[in-house]
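Visitor: Mind looking over this structure? Questions follow.
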Amino acid sequence: GHLFSSWREVDLDEGLVDLDLRNDSDTPDVPPPTDSTPEILKRALSGLSARWKNWWIRGILTLAMISVFFLIIYMGSFMLMLLVLGIQVKCFHEIITIGYRVYHSYDLPWFRSLSWYFLLCVNYFFYGETVADYFGTFVQRREQLQFLIRYHRFISFALYLAGFCMFVLSLVKKHYRLQFYMFAWTHVTLLITVTQSHLVIQNLFEGMIWFLVPISSVICNDIAAYIFGFFFGRTPLIKLSPKKTWEGFIGGGFSTVLFGFVFSYFLAQHQYFVCPVEYNSETNRFVTECEPSELFQLKKYSVPLLLQAVLGWETVNMYPFQMHSIALSTFASLIGPFGGFFASGFKRAFKIKDFADTIPGHGGIMDRFDCQYLMATFVHVYITSFIRGPNPSKVLKQLLVLQPEQQLNVYRTLKSHLVEKGILRPSLRG
């Protein structure tokens, strides 16, 4: 009898939380977001049709966001890093809130607290790695920081384990499967938001141009596709996103490649944008001063025969980086939108129009950055695959941490290697 009743409990248990597995229409409804458009804008645009009203609201707020973005670029790389962190936390909050809203009726213990705790742990791990990589000299001067960096991975893992054990202790009968859904939900959200923002910061350290061109390309593609779609859109592109059209997709693609090419030409002329971001421990500031690499030095290129007839030029002066910008812009216009389609599918699964209502006409922060997430990974992979060679300053930092005998060993090995190559004279041995 006892065995039978426990089996029946399990069946009931599974029946309760299996609803959303069986049928999408059983997904709990999420309360609709409120309209956060400022009153002054509502009044000014009251005479327009809904379509044009949306156009103006989106247009005005897009210009406002771009202006703020340029202001932050002017303020320097540290402010950009804070911006990336802020956006990451807001995106995480929006996705977790959807999960919480969908399943809040089940009253899951500790779900939100644990989600934020995991966010803290993962950020501690990634930002700690960045500090160890790029702020080596600063860290070596401070005793208390040396301990944190030396055992950084162990501390991060211990923090994560504490959260993991808390989750296991929070498991409640009748909600087991749902709690595991939410555990997975939190971890996938972390994977999407935190790892990507870490890669964005890594790209920023390579030089601000590797941060600005990809991000601006995605923004340009978004705007151009919207404009082309608004005025010329006739053919639907994908069922997941009914407003997206082929005309917008193609028009946005060409505009983005052209924009990336021209924008790169202007950025490549300035040290501020092309030099790797480095931390100067003497002045306690980020510096962007260097001898620009070959990528950012003008070179003569011969124009293909087909284009010679059209342009009338045989050679052009260009920065090699502009060729790379074509690859980045092409990715932004061809693959970038799939991030948006993915987000559209996600929103449809939970019957919501937007992730939040933070920005009037645009939805939440996540709605604006859905296409950026794929882009950050692509740029990082692109730099490591095609651009970055061995980093001498990183090797030097590691050498300076070694014991004196080990440093002497490296010195002797390097010396004999240079002598063999004929770079040093053998007579210099001693």
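Glycine residues also receive a Cβ, built from the backbone N, Cα and C atoms like all the rest.
The feature transmembrane segment is assigned by TrEMBL to 55-87, 108-127, 147-169, 181-201, 207-233, 245-268, 321-343.
Give me the structural setting of these features: burial, nearby parts and distances.
Guide: The list of residues near the transmembrane segment (108-127) in space but at least 6 beyond its ends in sequence, with Cβ under 8 angstroms from a Cβ of it, reads 85, 88-89, 92, 96, 99-100, 152-153, 155-156, 159-160, 163, 166-167, 170, 172, 175, 178-179, 182, 186-187, 189-190, 194-195, 198.
Within the chain, the transmembrane segment (181-201) has long-range Cβ neighbours (under 8 A, six or more residues past its boundaries) at 17, 81, 84-85, 87-88, 91-92, 95-96, 99, 103, 108, 111, 114-115, 118-119, 122-123, 126-127, 129-130, 167, 211, 372-373, 376-377, 379-380.
For the transmembrane segment (245-268), same-chain residues at least 6 beyond its ends with a Cβ under 8 Å from one of its own Cβ atoms are 208-209, 212-213, 216-217, 220-222, 224-230, 232-237, 274, 295-296, 318-319, 321-322, 324-326, 328-330, 332-334, 337.
Proximity of distant same-chain residues to the transmembrane segment (321-343), defined by a Cβ-Cβ separation under 8 Å and at least 6 residues beyond the stretch ends, is recorded for 209, 213-214, 217-218, 220-221, 225, 238, 240-241, 244, 249, 252-253, 256-257, 259-261, 263-265, 268, 274, 295-296, 355, 366-367, 370-375, 378-379, 382, 386-387.
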